[in-house]
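Below you'll find the structure, written out as structure tokens, and then a few comments.
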Amino acid sequence: MDYLTLLLALLHVYRALCEEVLWHTSVPFAENMSLECVYPSVGILTQVEWFKIGTEKDSIAIFSPTHGMVIRKPYAERVYFLNSTMASNNMTLFFRNASEDDVGYYSCSLYIYPQGTWQKVIQVVQSDGFEAAVPPNSHIVSEPGKNITLTCQPQMTWPVQEVRWEKIQPRQIDLLTYCDLVHGRNFTSKFPRQIVSNCSHGRWSFIVIPDVTASDSGLYRCYLQASAGENETFVMRLTVAEGKTDNQYTRFVAGGTVLLLLFVISITTIIVIFLNRRRRRERSDLYTESWDTQKAPKNYRSPISASQPTNQSMDDTREDIYVNYPTFSRRPKTRV
């Protein structure tokens, strides 16, 4: 009987550990953090309850539009909800002065009429942020409105038993799809975006993001695990921007930018050289004009001063006079 009890206890713990893996969103621990829980569909909210998941579910808070909010005693001073969310399907839980004991898994359960129960599991981990190195040739650029297919093909030879697709953001990781190929389970994502994926025993995996927008930009990670324990990870970046978005266009834009920059530099250099030469020419012309003015002869006669002698004045003004004399013969006189 004791062995049966121990076996049941171990089975319970094993099931709890298995459930911990199936999280929808992972966030880094912080003293002031928020655990987002937003129901995407339209319905009548009847009740919301938050749990912390361990070997058992520990109730944190419960809300009912009819009976109001109740926060359990251990969390009464450390968690709260925004008043603006009480009348909507946004039941995000906020922590203040959180401690390392708050690291773990949390569950948000919404009871919606007539859809039924909607549950989201959030993982809180010790991390400064989520970053991933993007391998070469893994940058995909697209324009809005297109359907984008992201693929990953493993190099391993062992059969793949688990496939995960995740969207990585600086402060959050969202699980897009999870395939357990051994047990034939397909984990339902709570990501607020339609994602189409394949869950099969093929040699490659893909997801399709229909009608992409700028908000779909970011890092996407594909994780594959084989039955022998081997695993491979593929990370790719998606950028959604207006206009042409292929690699040739990117190179064309970069080349055009460089050429435009060189053209602007050339024009600026030519203008500077032209202005410098013009200034030098203006300075040279100004100097030449000043020199010619100083050396030019005066085209007027100095007036005669009254203090000068008259004869000097006459000498200055007299001219040469030429007289025609008759020619006389110089014959010798004859004596009588």
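Every residue gets a Cβ built from N, Cα and C, even glycine.
Annotated compositional bias 'Polar residues' per TrEMBL: 302-314, in sequence order. What TrEMBL records for 31-110, 135-239 is domain 'Ig-like'. Annotation source TrEMBL lists region 'Disordered' at 298-318. According to TrEMBL, the signal peptide annotation covers 1-18. According to TrEMBL, the feature transmembrane segment maps to 252-275.
Computed over the domain 'Ig-like' (31-110), the whole-number mean pLDDT of the model equals 88.
With DSSP states grouped into helix (H, G, I), strand (E, B) and coil, the domain 'Ig-like' (135-239) comes out at 3 helix, 56 strand, 46 coil.
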